[in-house]
Amino acid sequence: AMEKSRPLWDNPLQFVFACISYAVGLGNVWRFPYLCQMYGGGGFLIPYFIMLIAEGMPLLYLELAVGQRMRQGSIGAWKIISPYLCGVGVASVVVSFFLSMYYNVINAWAFWYLFHSFQDPLPWATCPLNSNRTGYEEECEKTSSTQYFWYRETLNISPSLEASGSVQWEQALCLMLAWEVVVFCEPRFFPSFPQVVYVTASLPYCVLIIYLIRGLTLHGAVNGLVYMFTPKLEQLSNPKTWISAATQIFFSLGLGFGSLIAFASYNEPSNNCERHAVIVSLINSATSIFASIVTFSIYGFKATFNYESCINKVILLLMNAFDLEEGSLTADNLSEMKDYLMATHPQEYAQLSPQLKNCSLEAELDTAVQGTGLAFIVYSEAIKNMEVPQLYSVLYFVMLLMLGIGSMLGNTAAILTPLTDSKVIAARFPKEVISGAVCFINCVIGLIFTMEAGNYWFDIFNDYAATLSLLLIVLVETIAVCYIYGIRRFEKDLHTMIGRKPNWYWKIMWAFVSPLLIISLFIFYLTDYIVTGTLQYQAWDATQGQLVTRDYPGYALAVIGLLVAASTMCIPLGALLTLIRKRLKRESVPTV
C-alpha cells in the first residue's frame, strides 16, 4: 500500500468530526422525519435501529478499515485488493461526480433564501401584488405565499420538462458562490481545511438546539410530538417500512460514494477505525431523531396554526351569513352549531356549504412532505408565523448551508483523492489545478439545474443517479473483502492496525447478513421500477397552483438509463479491461 505524504487529520477527533460533517447531511433533516411520518411514527424506529445494527455499522466499519489499510482513494484501494476491482473505485467516483453536479444546487437555493431572510417582512410571508396593483398575483392566490416564492420567485419553474426555458441568472450566481465556498474549503487551496470540519459538523447542532428550544415553546408543538412518538405498529408488517429503514441507513451514512474511504486513507495506520465507525453511526442516527423532534414540533405548530385559521374562517363565514352574536360561535361548539343551523336554515346553509372547509388537525398532520418541499416550503411557512422571523430564517438557512457544504466536501474528496493518488494525473497537473478543474466542470454542468426546467432535472439526478449504483457498489465491496481478499486476511490487517481482531458480530454481518440485505434492496428497487411502468414526475401547474403528474419524455428516460449505466457498467468493464490487458501482456512475452 502506498503511504500518504502526511496524515491530513491532526488527531482522531478531527477525523470523527470530518465523518460526521459528511455523513450528517440534509437527509437527516428532511428525509428521516418524512419516513417517520409515513411509516408508523415512533414504530419506524424499530426497523431503523435493526438496520443500523445489521447494515449501517458493519458497512461503515468495512469502508473505513479499507481506506485506512490501503492508504488510497477508492480507485487505488480496490485495485490493491484485486486489479479486477478497479472499476468499483471508478464507479464510486462517477456516482460522486453525478452527486456533486446537482447537490450544490441545494446550497445555491439556501444562499438565495439566506440573502432574502434579511428583508422585513420576509418576501414569502405574503403574496405580491399584481401588475395593476389591484389585487394579489393570481398564481399566488391559488396556492400559498411560500409555495409561490419557491416555484415562481426562486425556480421560475416551467410547466413541464419539455419547456426547458433559460438559465435564471440569480440562481446561477448563487450556484457559482456555492462552488467558490467549496473550492475555498478544499485542503488543496485552504491549508486549514481540517479545522473547517469543526464548524460544519458542530454549527448545525447549535442551530438545532436553538430551534428545539423555540419549537417546544410554539403553540401546538405538543400535537406534532404526540403524532411523531405515537407508534403505529401495524406498519411493521409493511415491507416498504423495512426497505425505507434500510435505505435511509444506507444513504445517510454515505456508503459507496468513496468519501469515507478517502477520509480514512489520510488516517494514521494505528487509528481505531472500529470505535470511530460505531461513534459516527450512533451520532448520525441520534441526529436524525433529534432533527425529527425539532421538525415535528414545527409541524405541530404549522398544523395547529392552519387548523385554527381554518376554524376561524368557518366561524366568520357562519357569523356573517346568519348574523350571529359575537362570541356565540366558538371552536368548542362549532360542530353543534353547524348541525343546528343546518336544521333551522337548510336552504341558506346549503348555499354556504361549498365555502365551509372541513377543518381537521389530523389531516394537517398527515400531510407528508420531504426533500425540497420540507426544506424550502414547510419550514418557510412555519418561520413566517414566528416572532422575529428574520432571525429564525437566517439561523435555519445557515444550518442548511453547513449541512450541505459538509456533505459537498466529502463528495469532492471522493473525486479528488483517487485523481491525485493517480501517478499519471498527479505527475502532469498540480493538485490545485485538478481540484479547480473538477469544481469548474461541475459548476458549468450544474447550470442545467438553474434553468426553468432545472428542478425537474434535479429530481431525475436525485432519484436515479445513485440508488441502484450504490447498492451494487457496496455489494461488490463486501463480497470483495470477504471472499476475494479473504476475511481471515482482513482480520489480520485489522489486528495489525487496531491491536485486535474483529469479533463474531462483525464477521457474520460482513459475510452473510449485510450482503443479503443489499441484494434484497436491489431486487426491491428493480421490481419497483418494473412494476411502476412508465416513470413519472411532479410538474408545477401555475393555472391550478398545484403539482400535477406527468410522464417523462423519451429523452429523459434515455438520460435516466445513461445515469444508471454510466456508473454500474464501470464494474464489469473494469474487470474486462484488466483481463484483456493481462492476456495481451502474456501474449507479448516471447516464449523461450
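Counting begins at 1 with the first residue displayed.
Note that Cβ sites are derived from N, Cα and C of the backbone, with glycine treated the same way.
Sequence annotations record features per position, and here TrEMBL assigns Na(+) binding site to Ala23, Val24, Asn28, Ser252, Asn284, Leu403, Ser407.
Counting same-chain residues at least six beyond the ends of the transmembrane segment (12-32), those with a Cβ under 8 angstroms from any Cβ of the stretch are 64, 106, 194, 197-198, 200-202, 204, 248, 251-254, 259-260, 263-264, 266-268, 271-272, 276, 279-280, 283-284, 287-289, 291-292, 295, 370-372, 374-375, 400, 403-404, 406-407, 409-410. According to TrEMBL, the feature transmembrane segment maps to 12-32 (among others).
Among residues of the same chain six or more beyond the transmembrane segment (44-62), those with a C-beta under 8 A of the stretch's C-beta atoms are 35-36, 235-236, 241-242, 244-246, 248-250, 253, 255, 260, 273-274, 277-278, 280-281, 284-285, 289, 474, 477-478, 481, 502, 506, 509-510, 513-514, 517-518. If you look up TrEMBL, you'll see 44-62 (among others) marked as transmembrane segment.
If you look up TrEMBL, you'll see 83-103 (among others) marked as transmembrane segment.
Sequence annotations record features per position, and here TrEMBL assigns transmembrane segment to 168-185 (among others).
With a cut-off of 8 Å between Cβ atoms, the residues of this chain six or more beyond the transmembrane segment (197-222) that come close are 14, 17-18, 20-21, 24, 287, 290-291, 293-294, 297-298, 300-305, 386, 392, 395-396, 398-399, 402-403, 405-406, 409. Positions annotated as transmembrane segment by TrEMBL: 197-222 (among others).
Here the transmembrane segment (242-266) has long-range neighbours at 4, 7-9, 15, 18-19, 22-25, 27-28, 31-32, 35, 38-39, 44, 47-48, 50-52, 55-56, 59-60, 63-68, 70-74, 77, 89, 92-93, 95-96, 99, 273, 280-281, 284-285, 288, 407, 410-411, 413-418, 466-467, 469-471, 473-474, 477, 517, 520-521, 524, meaning same-chain residues at least 6 beyond its ends whose C-beta is under 8 angstroms from one of its own. The transmembrane segment annotation in TrEMBL covers 242-266 (among others).
The annotation transmembrane segment is assigned in TrEMBL to 278-299 (among others).
Among the features that TrEMBL reports, transmembrane segment is placed at 394-416 (among others). Below 8 angstroms of C-beta separation, residues 18, 21-26, 28-29, 73-74, 92-93, 96-97, 99-100, 103-104, 106-107, 110-111, 113-114, 117-118, 178, 181-182, 185-186, 188, 193, 196-197, 199-201, 203-204, 207-208, 210-211, 254, 257-263, 375, 379, 383, 431, 434-435, 438-439 of the same chain, each at least six residues beyond the ends of the transmembrane segment (394-416), sit close to that stretch.
Taken from TrEMBL, the feature transmembrane segment applies to 437-458 (among others).
Residues 59, 62-63, 66, 78, 81-82, 85, 88, 91-92, 94-95, 98-99, 102, 247, 250-251, 255-257, 507, 510-511, 514-515, 518-519, 521-522, 525-526, 560, 563-564, 567-568, 571 of the same chain lie 6 or more positions beyond the ends of the transmembrane segment (464-487) yet place their CB under 8 Å from a CB of it. What TrEMBL records for 464-487 (among others) is transmembrane segment.
Taken from TrEMBL, the feature transmembrane segment applies to 508-527 (among others).
Under the heading transmembrane segment, TrEMBL lists 555-580 (among others).
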Sequence-distant contacts of the transmembrane segment (508-527), meaning Cβ under 8 Å and at least 6 residues beyond its ends, amount to 51, 54-55, 57-59, 62, 239, 243, 246-247, 250, 467-468, 471-472, 474-475, 478-479, 481-482, 487
When a 10 Å sphere is centred on the Cβ of Ser252 (Na(+) binding site), how many other Cβ atoms does it contain?
23
Please identify the stretch among 83-103, 278-299, 437-458 with the greatest number of Cβ pairs below 8 Å relative to the transmembrane segment (168-185).
437-458
Report the same-chain neighbours of Leu403 (Na(+) binding site): residues 6+ apart in sequence with Cβ closer than 8 Å to its Cβ, ordered by sequence.
Val24, Gly25, Leu26, Asn28, Val29, Thr200, Pro204
Around the recorded Na(+) site, report the further residues of that chain (criterion: Cβ within 8 Å of the mean position of the Cβ atoms of Ala23, Val24, Asn28, Ser252, Asn284, Leu403, Ser407; site residues excluded), sequence-ordered.
Ile20, Tyr22, Gly25, Leu26, Gly27, Leu253, Gly254, Thr287, Gly406
Who are the chain neighbours of the transmembrane segment (278-299) in space, where the CB to CB distance is under 8 Å and they lie at least 6 residues beyond its ends?
16, 19-20, 23-24, 28-29, 32-33, 36, 45, 48-49, 52, 56-57, 60-61, 205, 208, 211-212, 215-216, 218, 221, 224-225, 227-228, 248-249, 252-253, 365, 374, 378-379, 382
Across all protein chains shown, the one of the binding-site residues Ala23, Val24 with the most other Cβ atoms within 10 Å of its Cβ is Val24
Out of Asn28, Asn284, Ser407, give me whichever of these binding-site residues has the highest number of other Cβ atoms within 10 Å.
Ser407
